[in-house]
């Protein structure tokens, strides 16, 4: 009877958002993810003044700036950021395996503070090259943080909060975009005098994270599975969960470790050769390509020029851009609260569906706006609807799914692949879109519509729902599609029976719950 009561009690226990978990989430997301979003949008509003600076520096060297040269220099300034993100993604696996998740985030701050100083002094030293190099370095910071923060938080959070906590980094990315758009208003910092300060502000979150994050725990899964440090893993879990009895969660980690002991820590090359991870790997590649090649960063990198082409008056463009950023934040915030009830797959399908429809209608509106006076309003509405669709699914969910469909041994390599695809696709959009817009004009967005549709179909057919399931259970969901077997059931049953037996013995001795952990360790 006591055994049944205990099992029922354990089955009802759900993880909660403790103060330690909440603060660790906020600090890591603000210190790292915020910078990603901030640097996506920071060069949009001050672009005309920065281009004037580029022109003056170029001409001071007794050379003439043509429109094509200036377009190329500006495209490099924009696209060096995602190129740095690509190289940052390549560094994920070796850094997180050697320094840990938290340690990597602390180390990563060097790639924010140094370029912040470089961009802040660029006008004083009279060099636009220093801005391009700094954009590459801060891109490395973004490439690391965009992969490591979701990995870190996904391993800190209990399974019933993993989706919501996993979206917080994306929420801070949207907040970073909005803050950059607000600072970019011409009466604030988006002017000839303020843009160096605006670029340099990216270092402030990094400094705060550098001083505060050391007081919070490292990933318990990393400490137990990769470092074999059960003592500190237990302490970290107890701080994160707010209770002493964390043996059930530790047991799940041990089972995961045992089921993949033969694999060891997987490299990217090994990841591509394993049949058991084939469809997981294809899925993260498709989702990240779809996320970036759907055109979202074309809107943020070149928002002012897109709104101008949509018929917005020059004085109003900056405010429309800020309004779009505000919608982005609100919809991502909504996704935090609905992801655990609606699920990951549904949000992805809704998001890509909305983006596809918005791109088609936007193409029609842009092509007809010279003939119909009210078409510019349709264009603006389409962009806002597109942002809404992307914010609730394609933007936040792929990193959550990547974190969930790979286990501890393959997760770092998987994030390395996902991040590389993410940033390489981002780089292509940032570099090519100005030329695409000049060449195709109103029809440039129809390409994004086809990409959204293709991604929608893939998710519908292949991606399973992963909410409120353990990492091991998700592996079993993919096993049938990969045509492999994960033989852990017998060992899992044995460990569960042993676990229940030990708790029964402790309960028989009428021990209080707070000493349950000590009792289990003595058996």
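Glycine residues also receive a Cβ, built from the backbone N, Cα and C atoms like all the rest.
For the domain 'Major facilitator superfamily (MFS) profile' (25-467), the predicted model reports an average pLDDT of 87. Per TrEMBL, domain 'Major facilitator superfamily (MFS) profile' is recorded for 25-467.
The annotation transmembrane segment is assigned in TrEMBL to 72-93 (among others).
Look at TrEMBL and you will find 105-124 (among others) tagged as transmembrane segment.
The transmembrane segment annotation in TrEMBL covers 130-153 (among others). Away from its own ends, the transmembrane segment (130-153) comes close to residues 24-25, 28-29, 32-33, 35-36, 39, 43, 50, 73, 76-78, 80-92, 95-96, 101-102, 104-105, 108-109, 111-112, 114-116, 118-119, 121-122, 165-166, 168-169, 173, 199, 202, 206, 219, 399-400, 402-403, 411-412, 415-416, 418-419, 422-423 of its chain (Cβ-Cβ under 8 Å, at least six residues beyond either end).
What TrEMBL records for 165-189 (among others) is transmembrane segment.
Per TrEMBL, transmembrane segment is recorded for 195-216 (among others). Listed by sequence, the residues of this chain that lie at least six past the ends of the transmembrane segment (195-216) yet keep a Cβ under 8 A from its Cβ atoms are 20, 23-24, 27-28, 30-32, 34-35, 38-39, 42-43, 46, 49-50, 102, 105-106, 109, 112-113, 115-117, 119-124, 131, 134, 138, 141, 180, 183-184, 189.
The list of residues near the transmembrane segment (281-302) in space but at least 6 beyond its ends in sequence, with Cβ under 8 angstroms from a Cβ of it, reads 40-41, 43-44, 78, 82, 177, 271-272, 324, 348, 352, 355, 359, 383, 386-387, 390, 394-395, 397-398, 401-402, 405, 414, 417-419, 421-422, 425-426, 428-430, 433-434, 437, 445, 447-448, 451-452, 454-455, 458-459, 462-463. The transmembrane segment feature in TrEMBL is assigned to 281-302 (among others).
As annotated by TrEMBL, transmembrane segment applies to 317-339 (among others). Here the transmembrane segment (317-339) has Cβ contacts under 8 Å with residues 41, 44-45, 163-164, 166-168, 170-171, 174-175, 177-178, 181-182, 184-186, 190, 299, 303-304, 307-308, 347, 380, 383-384, 387-388, 390-393, 395-397, 400, 467 of the same chain, all six or more residues outside its ends.
With a threshold of 8 Å between CB atoms, the same-chain residues lying at least 6 positions outside the transmembrane segment (346-368) that come near it are 287, 290, 294-296, 309-310, 335, 338-339, 375-376, 378-379, 382-383, 385-386, 388-395, 397-398, 401, 441-443, 445-446, 448-449, 452-453, 455-456, 459-460, 463, 465. The transmembrane segment annotation in TrEMBL covers 346-368 (among others).
The annotation transmembrane segment is assigned in TrEMBL to 374-392 (among others). Long-range contacts of the transmembrane segment (374-392) within the same chain: residues 174, 294-296, 299, 306-307, 310-312, 320, 323-324, 327-328, 331-332, 334-335, 338, 347, 350-355, 357-359, 361-362, 365-366, 368, each at least 6 residues beyond the stretch ends and with a Cβ under 8 Å from a Cβ of the stretch.
The annotation transmembrane segment is assigned in TrEMBL to 413-436 (among others).
Taken from TrEMBL, the feature transmembrane segment applies to 442-463 (among others).
For the transmembrane segment (105-124), same-chain residues at least 6 beyond its ends with a Cβ under 8 Å from one of its own Cβ atoms are 28, 31-32, 35, 53, 88, 95, 99, 130-131, 133-135, 137-138, 140-141, 144-145, 148-149, 152, 196-197, 199-203, 205-207, 209-210, 213-214.
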